[in-house]
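S.K.: Take a look at what Swiss-Prot says about it:
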{"type": "BINDING", "residues": "21, 32, 33, 34, 35, 36, 37, 90, 123, 147, 167", "note": "1D-myo-inositol 3-phosphate binding site"}
{"type": "BINDING", "residues": "27, 28, 35, 241, 246, 299, 321, 329", "note": "UDP-N-acetyl-alpha-D-glucosamine binding site"}
{"type": "BINDING", "residues": "308, 309, 311, 335", "note": "Mg(2+) binding site"}
């Protein structure tokens, strides 16, 4: 495994990005939309600024979804019809992968053969489509898992559902088929090797980024006024999907032991926690802290900045987190973070410098750590938080992505020296079909 900036190869001109189960245009914090959506969209936008054209394929979820959305110059989102628009759970999507693949191939057929230089699939469902497209188009496949079933199942929250065996099988297939694997952290690379026997030489470490132009420090009093919060209160915020995996209940239970803390929860339901918002409201009532808990719906990026600025601390108590974009966004706004010491969070948060990491999910430990940080005065960590977040720009992420792409293209050409001949034969067949002649 290596940092992606090592040994830069020829960068691509056009990239096909696959995001089957969730659209990059969806509001993070709702449904299955979260950090991956932000990653897919922001990396595409920043690649386009480098002159790389990006087409993102995702599944249409409403009849109103247009077939094509031009997000920005050089960035296109294609909504592929595959299965019913409403009521299809993420765990039912494997039944629609053939339909999705057909839609992707039909879209590619409107271009000249060889139009895409590379395929980048996100999440295992997309990887299943990716290696079929790779074989059809004779281009390399780069895959980012974002999460792994074995890792999630090893750290299940109470009341959460385990990932099905089908996913683990599918992930193994994608790991075996992908030309390169992109991971968020060194830990994730080690997990791919130990759990899926991945070849370390095919793994690139690429840290996700944060929009440093949007997420910036600002007036805390103004942010609180906009949210209707008392400027004198101590506020600890939770941002994300309301599901057992993200563990917002841990924060509420810890807050019950801290009578001077107000909890601000910004997010919507997803995954196996579809009833979680109501359950979270009920939990606050049961704990006797309803008057100290403020619930907000999922926020736009601009509104999310106010949430981060308004908070004295942001809590990320997840049971599993491949990186933790929320933690970096909060720090970019100058707000320290208390986070679970899991997954990529020890990379996203500098323990004792920009916040604190908590081992495990014991409520007493969380209450003690939050109280300790608040007693020390979070202001002492704010400058360090901003400086740390500045190392995670999308510009850096795209530098590393393009380096990984270049290496994938170079390696693929070395392994498949006749790839151009394959494309030539496909071109001949396609033009013959258009002219009604059998090639």
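Placement of Cβ uses the backbone N, Cα and C atoms for every residue, glycine included.
Computed from a predicted structure; not experimentally measured.
Describe the structural context of each listed feature in the structure shown, including burial, neighbouring residues and relevant distances.
M.R.: Under the DSSP three-state reduction, residue 35 (1D-myo-inositol 3-phosphate binding site) is assigned to helix.
Non-local contacts of residue 246 (UDP-N-acetyl-alpha-D-glucosamine binding site) by the CB criterion (under 8 A, 6+ apart in sequence, same chain) comprise 238, 240, 267, 317, 318.
DSSP classifies residue 309 (Mg(2+) binding site) as helix under the three-state reduction.
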S.K.: When you rank 308, 309, 329, 335 by Cα distance to residue 37 (1D-myo-inositol 3-phosphate binding site), which of the binding-site residues ends up on top as the closest?
M.R.: 329
S.K.: Using the centroid of the Cβ atoms of 308, 309, 311, 335 as reference, list every other same-chain residue with Cβ within 8 Å of it (recorded Mg(2+) site), in sequence order.
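M.R.: Everything else in range on the chain: 220, 223, 237, 305, 307, 310, 314, 330, 333, 334.
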S.K.: Closest to residue 21 (1D-myo-inositol 3-phosphate binding site): which of the binding-site residues 241, 308, 309, 311, 321, going by Cα position?
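M.R.: Closest by Cα distance to residue 21 (1D-myo-inositol 3-phosphate binding site) among the binding-site residues 241, 308, 309, 311, 321: 241.
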